[in-house]
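Undergrad: Pasting the relevant annotations from TrEMBL:
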BINDING   Gly100, Val103, Asn107, Asn362, Leu488  Na(+) binding site
COMPBIAS  732-742  compositional bias 'Acidic residues'
REGION    28-53  region 'Disordered'
REGION    692-742  region 'Disordered'
TRANSMEM  94-112  transmembrane segment
TRANSMEM  124-145  transmembrane segment
TRANSMEM  166-193  transmembrane segment
TRANSMEM  247-265  transmembrane segment
TRANSMEM  274-295  transmembrane segment
TRANSMEM  323-344  transmembrane segment
TRANSMEM  356-377  transmembrane segment
TRANSMEM  476-495  transmembrane segment
TRANSMEM  516-534  transmembrane segment
TRANSMEM  554-571  transmembrane segment
TRANSMEM  592-615  transmembrane segment
TRANSMEM  635-659  transmembrane segment
Amino acid sequence: MGIARQPESVLNTLVAVPRYLTTRASSRKTVRKSYPPAAASRSGTMEKTPLPADEDGRMMADTQSDAQLLDGNGSSLGTAMEPARDAWASKIQYLLAQVGFSVGLGNVWRFPYLCHQNGGGAFLLLYVLLLAVVGVPLFFLELAAGQCIRQGSIGVWKHISPKLAGIGYSSCVVCFFVALYYNVIIAWSLFYLGSSFQSPLPWEQCPEPIHNRTVNECTNSSPTTYFWFRKALDITDTINETGQLNSVMTICLLAAWTAVCLAMIKGIKSSGKVLYFSSIFPYVVLLCFLIRGLMLDGASEGIIHMIYPKLEIWGSVQVWRQAATQVFFALGLGFGSVIAYSSYNPLRNNCHRDALMVSFINFFTSILATLVVFAVLGFRAKTKAMECVTRNLALLSGISSGEFELNHLLNWTNISTPDSVMLEEYRNWFLHHRSSVPVNVTDCDPEEEMNKGVEGTGLAFIAFTEAMSLFPASPFWSALFFLMLLNLGLSTMLGTMQGILTPLTDNFKRLMRHKTALTVCSCVVGFVIGLVFTQRCGNYFVTMFDDYSATLPLIIVVIFETFSVSWVYGADRFLDDIENMLQWRPPVVYKYLWKYICLLAMIGLLGASVLQMILKRPTYTAWNHSTASKGKLDYPQWALVVLSLLIIFASLPVPLGYLHTLLKNKLGQGPETGRRRETDVEREDYMKCNTMEPDSASTLKPLDEEVGEEPHRNSFRALGSEQYKLLPQREETEDGEETTGM
């Protein structure tokens, strides 16, 4: 990717001049004209200077230059070349990366819960509406921006305007916060995966009575609940009881970070290969569970319960907020990972089709996971209802004939065999005769069990785990399920880490040259800080980070992203860039969606989320071992300070980046520098995609600038003290007209 060696006479001239200019000579006879910054585009908006391309058609940012001076022997006069930027080995690999990042644990344990709690089929319709008018346009915006500018999140928004560089830094901070606790969930999955290779499963029954407290804790709850809170987490009663590490989870967390480090050690070259398995395997498992689940007794009732529409929920602001938040997080908007992945694409890749495809796959996965979850939970509810019938029949059979004429109330031929009694028969009998029964028997309603909505870790590690323990060959299904969770978490984790590493390596040359060391150090730091989550009270910190470290900051980030593209840079101009990149113009409806619908929707979501936090004091769900039950507790004051700092630290780079640029402009020395910076602000600093063919040769010319003058932003910045800038080269077309081509 270096510059081709020039004739001796040219090089002699360059050695004598303190600054130099490089430009590519076009190999075509007719060269397309490059307009100055003030020229108008065909849509009537202001055209920006295009970014130059190298032999591979790759654009170079102001922070990363491949230019280098050569002497007569071909040796470098400057510093070493920057490492070549990675690229995807295939389109399939890229799509698997985007799907793997967007399809995560939330599709399995968050979406089914929201669908169940918020009107079933009515929530699905609302979700599809918001996905179409908000999710897909914003996802397309991030894909197009990353592919066009070929930088991470920091570089993309810095190119639009230096004042917006803080948006990218906020994305990196949020990715770091999410990576810290997300890998803990992978560690939990590793622990359960290892525990699945034994029969019977350790959570199928309560342990032998050794200590009365632990036995009571199990018998008063359930074996799966006991195993989760006591064996896996060994959890404390409150978040205040800090300091004691869970040794088993610490080892699992180390294994999780080691796996992430090995997968990321060579960037997308190594992680792309891992994604072939981690992105595809969960679909195989979901299909297996769906086929097995549909064969279970009670599966149809569970699915019907899920899809039954309750249209009245459309009038609830809370439901709209939850649906918009789920769309927002399902596609991974604002993390910077979507931008990072798309920045490794070839320039002509059809990112619009990718946006539609990934969004559809994401929604399809959510529906598939919801069907699986409710089929299995329907079976679990039916099984629990039949256990209730068995207990009640045992109570009824113990009544003596003198006290109560049982045959007068029961029409069943043999009450001693509860399996012969149908659930519907028992419920009909109870409905008509419950007031006449002298013992405390209860109604056995599977609907009541289904209405006990569980989400997150409660769904995966308690409810679904309990249902699998009822399967024949339960260890096999348990291992399959937790291996699926492990791969879902790993593919999302790789995207999250890419959202941190790509922006940093793109914008800091030293980090670019030591990408492997940066990856290893990031994983080590993540593991050390992640020890907070392996304390006995670590689950409460996971809840805190999950609820507050990402939601508000990411909404703020996406608001600024949408505003900067649609209003600061201009939606028409951005569509022009996409047209130049894809060779066709996306529908104009995106312009209005970006400028109005998406922006107003995100502002409304931010307002609703802030209002929710103000009106309702933050709480967390704690486990009380003495009562063997869960309860809501208020966060202590120090925890409120921590969660407030999480929100502030993640959001602070946005205003700091703006203030830093203002101060930098005001502190500029000399009137010439001030005028140049004012010009830069007027022109903004977004580099347009270069749609021209790569040039076959390069020509070096001297740069006529004063020694104290700062080079323009659209210039090569050498690694040493030398500075270089691209200037146009005059050539003649077939008609003899002089043109200026980049």
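Yeah, the Cβs are placed from backbone N, Cα and C, and that goes for glycine too.
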Undergrad: In sequence order, which same-chain residues at least six apart have a C-beta under 8 angstroms from Val103 (Na(+) binding site)?
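TA: Ser279, Pro282, Ile361, Asn362, Thr365, Leu488, Ser491, Thr492 - these are the non-local Cβ neighbours of Val103 (Na(+) binding site), listed in sequence order.
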Undergrad: Take the C-beta pairs under 8 A between the transmembrane segment (554-571) and each of 124-145, 323-344, 356-377, 592-615, 635-659. Which stretch has the highest count?
TA: 592-615
Undergrad: Taking 124-145, 166-193, 635-659 as candidates, which has the most Cβ pairs under 8 Å with the transmembrane segment (356-377)?
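TA: Looking only at 124-145, 166-193, 635-659, the most contacts with the transmembrane segment (356-377) come from 124-145.
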Undergrad: To test your reading of the Na(+) site: which residues beyond Gly100, Val103, Asn107, Asn362, Leu488, same chain only, put their Cβ within 8 Å of the Cβ centroid of those residues?
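TA: Filtered neighbour residues, in order: Val99, Phe101, Ser102, Gly104, Ser279, Pro282, Thr365, Ser491, Thr492.
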Undergrad: Once near-sequence residues are set aside, which residues in the chain of Asn107 (Na(+) binding site), 6 or more away, have Cβ atoms under 8 Å from its Cβ?
TA: Ala330, Asn362, Thr365, Ser366, Ala369, Leu488
Undergrad: Test of understanding: applying the rule of at least three C-beta pairs under 8 Å (pairs 6 or more apart in sequence), is the transmembrane segment (274-295) touching the transmembrane segment (323-344)?
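TA: Output no: the transmembrane segment (323-344) is apart from the transmembrane segment (274-295).
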Undergrad: Below 8 angstroms Cβ to Cβ, which residues of this chain, lying six or more residues outside the transmembrane segment (166-193), approach it?
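TA: Apart from its flanks, the transmembrane segment (166-193) reaches 105, 152-158, 232, 248-249, 252-253, 255-257, 259-260, 334-337, 457, 461, 465, 478-479, 482-483, 485-486, 489-490, 492-493, 496-497, 499-500, 503-504, 526, 529-530, 532-534, 538, 541-542, 545-546, 549-550, 553-554, 556-557, 560-561, 564, 646, 649-658, 660.
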Undergrad: I want to check the contact list for Gly100 (Na(+) binding site): same chain, sequence separation of six or more, C-beta distance under 8 angstroms. What comes out?
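TA: Result: Leu275, Ser278, Ser279, Ser491, Thr492, Leu494, Gly495.
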Undergrad: Please indicate, using numbers and ranges, the residues of the same chain that are 6 or more beyond the transmembrane segment (274-295) and have a C-beta under 8 Å from a C-beta there.
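TA: Counting only partners 6 or more residues beyond its ends, the transmembrane segment (274-295) has Cβ contacts under 8 Å with 93, 96-97, 99-100, 103, 263, 365, 368-369, 371-372, 375-376, 379, 471, 477, 480-481, 483-484, 487-488, 490-491, 494.
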Undergrad: What is the one among the binding-site residues Asn362, Leu488 whose Cβ has the most other Cβ atoms less than or equal to 10 Å away?
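TA: Compared across Asn362, Leu488, the most Cβ atoms within 10 Å surround Leu488.
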